[in-house]
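Enquirer: Feature list, courtesy of Swiss-Prot:
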ACT_SITE  Asp69  active site
ACT_SITE  Glu134  active site, proton acceptor
BINDING   His67, Asp100, Glu163  Zn(2+) 1 binding site
BINDING   Asp100, Glu135, His349  Zn(2+) 2 binding site
Amino acid sequence: MLNDTLALAQMLIARRSPTPFDNGCQEILIDRLEKMGFDIERIRCGEVDNLWARRGTEAPLICFAGHTDVVPTGPLEKWESSPFDPVTRNGRLYGRGAADMKGSIAAFITSIEAFVAEHPDHNGSIALLITSDEEGIAVDGTVRVVEVLKARNELIDYCIVGEPTSVDKLGDMIKNGRRGSLSGTLTVKGIQGHIAYPHLAKNPIHLAAPAIAELANTEWDEGNEYFPPTTWQISNINGGTGATNVIPGEVTVLFNFRFSTASTIESLKARVHGILDRHNLEYDLQWENSGKPYLTPRGDLVDAVNAAIHTVTGIEPELSTSGGTSDGRFIADICPQVVELGPRNATIHKINEYVEVSDLDQLPRIYQLTMESLLLRK
């Protein structure tokens, strides 16, 4: 299985697919999925290619989810080899997307091929959900496929997202949830004027500063057994004309919450507005919700993945909800059990990204054992 997984990963990496472009990656997958009897549904949204492929019609349905788009390469001269010319050296496969996440997608395919070959009449169903819009704004990708499935009441029982979750060893960490992400664009209004005549102006930066300090020092919640406390962070502050003798007329603050299940979108919004109002600011605040938090407690899927990892690697994985958002936040809307499991993540989005060849050897077996646990039960 290793040589096949490695070869498929190389084929996918060789397809230059900066977000939101797939550049033929999904057609490579479709060719192999059709040979296994999968029904293929291409769902194109704008420039984004999405794939929903399913084998079987019965429950339970286990889905493997991933993305074929990759982040920009950065300066090409800093790569030891071309990012889209996959090269294996010193036990590592180098190329953009090797770890995030074309290696996982290759492992999806070869694990399913092995499982179907051994168990052609298995119970339940297997699906693949692949998008080319995960690394970008993620508005025409997985979320659109989920909308299609939800509209026809096609629900998923278990989902494994192939995000590179491992840290030091393959399988040492799996994500059984993620925090939500809520962003705000705050514009505090003042009165522009000459900096030598502050009594004739209102400096919005000075007016906003106490409220910003209060927001930065607020304890939003204490978290819970699954999530750390909610955080509030400023990403950008912009005010002024660029001149040194002009008090600006307004200041704009971009901020973001990463929040746990201990808080809600509504409660966070209300508290922010309460603080701003208490400081008597004239302001405009626009919100953008990028996803609610989700959590998969211990149960069939977590137990099956844990057992598979232990069988293949001999280690006990850590359950974690740390890190950024993933497409799991969309899938959780139609699937009660979602986990993320993939190769080591030390070089994702970096120059000279790579995946350990040993991870490509073991990961398909972990996925296959998970399918056996969930689909072969009496």
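Even glycines carry a Cβ here, placed using N, Cα and C.
Not measured: the values here are computed from a predicted model.
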Enquirer: I want the residues beyond Asp100, Glu135, His349 whose C-beta is within 8 angstroms of the mean position of the Zn(2+) 2 site's C-beta atoms, in chain order.
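Expert: Those within range, site residues removed, are Val70, Val71, Gly97, Met101, Ile348.
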Enquirer: Return the residue, from the listed binding-site residues Asp100, Glu135, Glu163, with the maximum count of other C-beta atoms within 10 angstroms of its C-beta.
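Expert: It comes out as Glu163.
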Enquirer: Measure from the Cα of Glu134 (active site, proton acceptor) to the Cα of every one of the recorded positions Asp69, Asp100, Glu163, His349, then give the nearest.
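Expert: So, spelling it out, the nearest of the recorded positions is Asp69.
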Enquirer: Cα within 10 Å of His349 (Zn(2+) 2 binding site) is the criterion; apply it to the recorded positions His67, Asp69, Glu163 and give the hits in sequence order.
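Expert: Near His349 (Zn(2+) 2 binding site), where near means Cα within 10 Å, there are no recorded positions at all.
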Enquirer: Taking only the Cα atoms, work out how far His67 (Zn(2+) 1 binding site) lies from Glu135 (Zn(2+) 2 binding site), in Å, as a whole number.
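Expert: Distance (Cα to Cα, whole Å): 8 Å.
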Enquirer: How many neighbouring Cβ atoms, not counting its own, are there within 10 Å of the Cβ of the residue listed as 'active site, proton acceptor'?
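Expert: So the Cβ neighbour count for the residue listed as 'active site, proton acceptor' comes to 27.
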Enquirer: Show, in sequence order, which residues other than His67, Asp100, Glu163 on the same chain lie with their Cβ within 8 Å of the centre of the Cβ atoms of the Zn(2+) 1 site.
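Expert: Apart from His67, Asp100, Glu163, the close residues are Gly66, Met101, Ser104, Glu134, Glu135, Val161, Gly162, Pro164, Ser326, Gly342, Ile348.
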Enquirer: Between Glu135 (Zn(2+) 2 binding site) and Glu163 (Zn(2+) 1 binding site), how many Å separate their Cα atoms?
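Expert: Here the two Cα atoms lie 12 Å apart.
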Enquirer: For Asp100 (Zn(2+) 1 binding site), which of the three DSSP-derived states applies: helix, strand, or coil?
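Expert: Once the DSSP labels are grouped into three classes, Asp100 (Zn(2+) 1 binding site) ends up as helix.
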Enquirer: If you count other Cβ atoms within 10 Å of each one's Cβ, which of the binding-site residues His67, His349 has the most?
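Expert: Counting every other Cβ within 10 Å of each candidate, the maximum falls on His67.
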Enquirer: In terms of DSSP three-state secondary structure, what is the assignment for His349 (Zn(2+) 2 binding site)?
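Expert: The residue in question, His349 (Zn(2+) 2 binding site), is coil (DSSP, three-state).
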